[in-house]
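Have a look at the structure below, then the notes.
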Amino acid sequence: MGICFRILLLFGSCWIISGEPLLLYANRRDLRIVDAAHEKANATVVVGGLEDAAAVDYVYSQGLIYWSDVSEEAIKRTFFNQSGASTAQTVVPGLAAPDGLACDWLGKKLYWTDSDTNRIEVAELDGSLRKVVFWQELDQPRAIALDPERGFMYWTDWGEVPKIERAGMDGTNRSMIINKDIHWPNGLTVDYDQQKLYWADAKHNFIHRSNLDGSSREVVVKGELPHPFALTLYEETLFWTDWNTHSIHSCRKQTGREQRIVHSHIFSPMDLHVFSPKRQPVLRSSPCSQNNGGCSHLCLLSPTRPFYRCACPTGVQLLENEKTCRDGATQMLLLARRTDLRQISLDTPDFTDIILQVDDIRHAIAIDYDPVEGYVYWTDDDVKAIRRSLLDGSDAQFVVTSQVNHPDGIAVDWIARNLYWTDTGTDRIEVTRLNGTMRKILISEDLDEPRAIVLDPVAGYMYWTDWGEVPKIERADLDGMERVVMVNTSLGWPNGLALDYDERKIYWGDAKTDKIEVLNMNGTGRRVLVEDKLPHIFGFSLLGDYIYWTDWQRRSIERVHKRTADREFIIDQLPDLMGLKATHVNEAFGTNRCAENNGGCSHLCLHTPQGVHCGCPNGLELISDLQTCIVPEAFLLFSRHTDIRRISLETNNNNVAIPLTGVKEASALDFDVTDNRIYWTDITLKTISRAFMNGSALEHVVQFGLDYPEGMAVDWLGKNLYWADTGTNRIEVAKLDGQHRQVLVWKDLDSPRALALDPAEGYMYWTEWGGKPKIDRAAMDGTGRITLVSDVGRANGLTIDYAERRLYWADLDTTLIESSNML
């Protein structure tokens, strides 16, 4: 009798098939279905345009087809109805080698094997509540088959000890049932009626069967199969795919006779299933069908009474009532892995790494966590930024995006709500609020290659490592003051740093000496904890009794007990490992005065051993109440070759560095008050640059044609930039952004030096250091030039008193400050 098979309505017409069975198979590039009753039947594409479809299965009662795509490292599914297959949907991303797949049509679950991570996992049919069932003693698991009515699952293993195992679908009652005369066990299928297990071996070229417990093993097809891959059953017929013949074959399941080619000329035949409700009989009731078995999360079928067991997603513990799961993990390990972030629950023994769903991670290095609000913070060396997101990957934000060069270390002050970081490019330690506002430079001197940074917010200290020419570990108060060198001997590349708050100890890992060492926080008791098999430590963290670290060379995450020195692997053979953080998920400890009303500070509250220190963001100054930051009305700017600094003329804060990078030899300096920008010349770089007072938006406005730009001034009315070049003997002008450049004065110039402008009157003034030193004046377009002061020495630092109409300068020869009128 003909039937109308609804999944084949792909072109608006019903494809009539006479008889059963229908075979659903993966063909790498697509999924197809073919009528096995017709020898010359053409296969119909169910889902096309795939990358590398390997395993396939279905849930007939819900109209779902699932498949694994090895190239896309995911499990996908599609719904089908009378209008055909729907758009493919990814249900399980982030897999490595999903070679086996099986659907539990009674418990409504999805099981799969991963031959790269060596795991067997389960999830709901939509991919949620994913759980690792087995992770130990697996070595390339491949095919997987389920017997939901009896609560068992079966799988093949291709590893060094090839075998077939079975266990309860809840992970209990695991046993090895076949381990002899087996090499490449590929296909696997269950005869539910006769309670037999069939498998194919691609090395020995046979198909065997046994009882479901592995006993009474028999030969079905002996040594005459080129390369059998997948197996399936329908009533009295056994079907299999063969890689060498590119075909689907069949035989009588009892005798192995009546072999025939069912379907041929297949591009790359992979997994195979009989598509029929007879292969998925539905029971009137299942242990998990009523109220999910009373389980808060996963209800997994079991071979023993009460024939089900409640389970939790990976990394989450089941409470003592054996029904309810905790609200997520309580302790975890966060991992930065160059192009992704991962989390590993420390609550359960499987240590499964789960990728955080955050886009566009280029080169993550350091990572930290705020247990109060649940944000993960990380540095990205490629995009030169500090970012954050919640643990589920949502609310991803850029926190710091400017003046970030090589951010190697990061640390969260969970009490004061501040974020600290080290930058080996700018050689600074900086702080900001956790949302990226109120940024302040704390330390910018005597730093060579600062890397790891950790905080003790309760005591008010920060610690950091520096693996420059003189490697050391330092400590300072959280406001950057009171620096103390803790360790500066027998260090190489001190990469990792961690604090034991309870026992008041400092731990560090050195990637050059290949040691993990410990020191009391008072500087005494230094000793080696681990010095064996530590080829290149990088990330480093401590939680409870364990120290965790990443190793670049071993591509591993390990941990060691801080007292017994017992070691164990958390993850092995995972490339591109960077920083890591072991942390409580929702538990924060300690307090200080910054916890209440921000310590009374208007901006940054920085707790120190002496109490609260209120800090001001770059560009602001602290007034006499020592709590309030303001924008100063008057300040003095001065250059010091490699940096530019500011002295407030109205508060008690002096000598503050402007956060600029790449300054080599700053010489002339000016300020545009209308735009709040600094302009300066660099006689080593031969450039003229500008930036805002907070150090942001740094740019070179003149980069070419300069030789020794000693004099420079801003025309704040005309929005032009003037400069005198001692090397080229020119005075030039351009717009403030460097465009429309023009030479104004070039004749009879002899080493022009300092330059000053009087835009209101339309004059410019400059000094010359040549054979006849002097001070000249001209209109701001270069015309009307006259000598104003002759017979001077090397006049430098030319400036104008606009109120009194006088010029002032410093004479380097007489070491005097002199002045004259401007006429």
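Including glycine, each Cβ sits where the backbone N, Cα and C put it.
What TrEMBL says about a protein is an automatic prediction, not a curated fact.
Quick caveat, the model's predicted, so the values are computed rather than measured.
Some features that TrEMBL has for this protein:
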SIGNAL    1-19  signal peptide
REPEAT    108-150  repeat 'LDL-receptor class B'
REPEAT    151-194  repeat 'LDL-receptor class B'
REPEAT    195-237  repeat 'LDL-receptor class B'
DOMAIN    287-326  domain 'EGF-like'
REPEAT    374-416  repeat 'LDL-receptor class B'
REPEAT    417-459  repeat 'LDL-receptor class B'
REPEAT    460-503  repeat 'LDL-receptor class B'
REPEAT    504-546  repeat 'LDL-receptor class B'
DOMAIN    593-630  domain 'EGF-like'
REPEAT    676-718  repeat 'LDL-receptor class B'
REPEAT    719-761  repeat 'LDL-receptor class B'
REPEAT    762-804  repeat 'LDL-receptor class B'
For the repeat 'LDL-receptor class B' (151-194), give the DSSP counts of helix residues, strand residues and coil residues.
0 helix, 23 strand, 21 coil
Per-residue pLDDT averaged over the repeat 'LDL-receptor class B' (504-546), given as an integer:
96
What residues elsewhere in the chain lie close to the repeat 'LDL-receptor class B' (719-761), defined as a C-beta under 8 angstroms and at least 6 residues from its ends?
668, 672, 675, 679, 681, 688, 690, 700-703, 705-713, 767-772, 778, 780-782, 785, 794-800, 802, 807, 809, 822
Intrachain neighbours beyond the repeat 'LDL-receptor class B' (108-150), with Cβ under 8 angstroms and 6 or more residues off its ends
55, 59, 62, 64, 66, 68, 75, 77, 90-92, 95-102, 156-161, 167, 169-171, 174, 185-190, 192, 197, 199, 212, 230, 281, 283, 286, 288, 297-298, 300-301, 303, 311-314, 350-352, 354
In the same chain, which residue numbers or ranges, 6 or more beyond the ends of the domain 'EGF-like' (287-326), come under 8 angstroms Cβ to Cβ?
104, 106-109, 121-122, 124, 129-132, 148, 150-152, 168-173, 332, 343-345, 347-348, 350, 352, 354
